[in-house]
Amino acid sequence: MSHGPAQPLTAPASGPLTGVAEVPGDKSISHRSLILGALSEGETRISGLLEGQDVLDTGAAMRAFGATVEKHGGDWVVHGVGVGGLLEPEDVIDCGNSGTGVRLLMGVAATHGFAVTYTGDASLRSRPMARVTEPLALFGAQAYGRSGGRLPMTVVGASDPIPVAYTTPMASAQVKSAVLLAGLNAPGETVVTEREATRDHSERMLRGFGAQVETERTAEGHVIRLQGRPTLRGRDIAVPRDPSSAAFPVCAALIVPGSDVLVPNIGLNPTRAGLFETLREMGADLTYENPREEGGEPAADLRARFSPDMKGVEVPPDRAASMIDEYPVLSVVAACAEGTTVMRGVAELRVKESDRIAAMATGLRAMGVEVRDGPDWWEVDGLGAGGLPGGVTVATHLDHRIAMSFLVAGMAARRPVTVDDSGPIATSFPIFRPLMEGLGAAFA
Ligand SMILES: O=C(O)C1=C[C@@H](OP(=O)(O)O)[C@@H](O)[C@H](O)C1
Ligand SMILES: C=C(OP(=O)(O)O)C(=O)O
């Protein structure tokens, strides 16, 4: 919960970024590997787990719920307790900065007959939890939190849960996943309908661990049916690299003159790849090399080269869920393109680790970029390649993606960009700084 002293960091203009950027494991899949391993019988061995603080906090939580979670050599090994077998934690569960961690855990524990109190850092304590506790109440769980449905919050799990049919009111994989994970320990069929498809890692991984999950496209949307009380069996998991982390070296290469960067082995699951599609529409020199299937999902090596002729685009709102965490860094690329980039249908950006539209707009405006915004949209007027003035210090509001986005901006700007706190980068991309330095970036 406590956050150490702020760690300011400055990115001055960079020379060409070149080389290979091996980004760490996918954060969404890493959380789910630990959680589903803990709900399985037997051993789950995970290679490539993201060792970011968000994921480490979920690992500590699974230990508090009774599972064994240990690092053996380079792998993480989980010995699970089986579906319905979680134990009552002896203390508050602190999820740090992680919305995914707390919301998925609330779901899992909501159909166990004990109470759990959750908290997190100042950012997480400001984020809305009613979106999860409302559907969990349908299973019979009761939540008692701060006003506005904020953490700290105690959720009293249902001792006699009933299955639920629920339509998610916003495009959120966290809400969908919380309901599905609660449904694991409810008898019968739990059904989640989402109007827009969101990342589908929970569905794919639940199936991989042995649950019966069916998905169907209907007139109402995307329907997911889970049969409750399955036996989940531990398995080996190789976590693919994170496309949301790949976004930073890719975007930096596109806007720093002379750059040519290879980001190998990135999953291009269509529920995650919207940024790359958008960048290509803008005219980015971004190619998919060696396209292949990895663990049943499309993957490729991404090659990004400096792209001085990118144009602003209108990003279709139905693409938002597939690139929701990438809008901050897209807005930096947009500021280096010609013309206006329009981003609509993105109200969810206002309830992430920070209000990401406000945070990016404030920093971009401070360096002279024209940004217009409304409740669920924003537009950035590009200054063209080499046009970003820089010369600002920006507030990152405990938000890793805001910090990394402005550091990327500094690499392409005429004068340095300083972020007031780079500490939160460790939540999702702990090797961001050495990785970017390896490509040629300098920090001060
Ligand atoms: O399910 C997940 O792993 C995630 C879902 C998204 O959040 P929402 O469900 O709030 O859109 C995303 O922003 C987050 O980084 C990870
Ligand atoms: C929104 C994010 O994470 P979370 O919701 O898990 O805190 C993110 O990583 O950009």
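Positions of Cβ are set from backbone N, Cα and C atoms, glycine also.
For the region 'Disordered' (1-23), residue counts in helix, strand and coil come to 0 helix, 6 strand, 17 coil, using DSSP. Residues or ranges marked as region 'Disordered' by TrEMBL: 1-23.
The annotation domain 'Enolpyruvate transferase' is assigned in TrEMBL to 14-433.
Mapped onto three states, the DSSP output places Ser172 (3-phosphoshikimate binding site) in coil. Taking the Cβ of Ser172 (3-phosphoshikimate binding site) as reference, residues of its chain lying under 8 Å away and at least six apart in sequence are, in sequence order, Arg131, Thr198, Glu348. Look at TrEMBL and you will find Lys27, Ser28, Arg32, Ser172, Gln174, Asp325, Lys352 tagged as 3-phosphoshikimate binding site.
Taken from TrEMBL, the feature phosphoenolpyruvate binding site covers Lys27, Gly99, Arg127, Gln174, Arg356, Arg401. Taken residue by residue with DSSP, Lys27 (3-phosphoshikimate binding site) is part of a helix.
For Asp325, the entry in TrEMBL reads active site, proton acceptor. Under 8 Å, Cβ to Cβ, and six or more positions away along its own chain, Asp325 (3-phosphoshikimate binding site) finds Ser244, Ala247, Lys352, Arg401.
Put plainly, the binding-site residues Lys27, Arg32, Arg127, Lys352, Arg401 were compared by Cβ crowding within 10 Å, and the winner is Arg401. Looking only at Cα atoms, Lys27 (3-phosphoshikimate binding site) sits nearest to Gly99 among the binding-site residues Gly99, Arg127, Arg356. Ranked by Cα separation from Gly99 (phosphoenolpyruvate binding site), the binding-site residues Ser28, Arg32, Gln174 are led by Gln174.
The 6 Å Cβ screen around ligand 2 retains Asp325, Lys352 from the binding-site residues Ser28, Arg32, Ser172, Asp325, Lys352, Arg356, ordered by sequence position.
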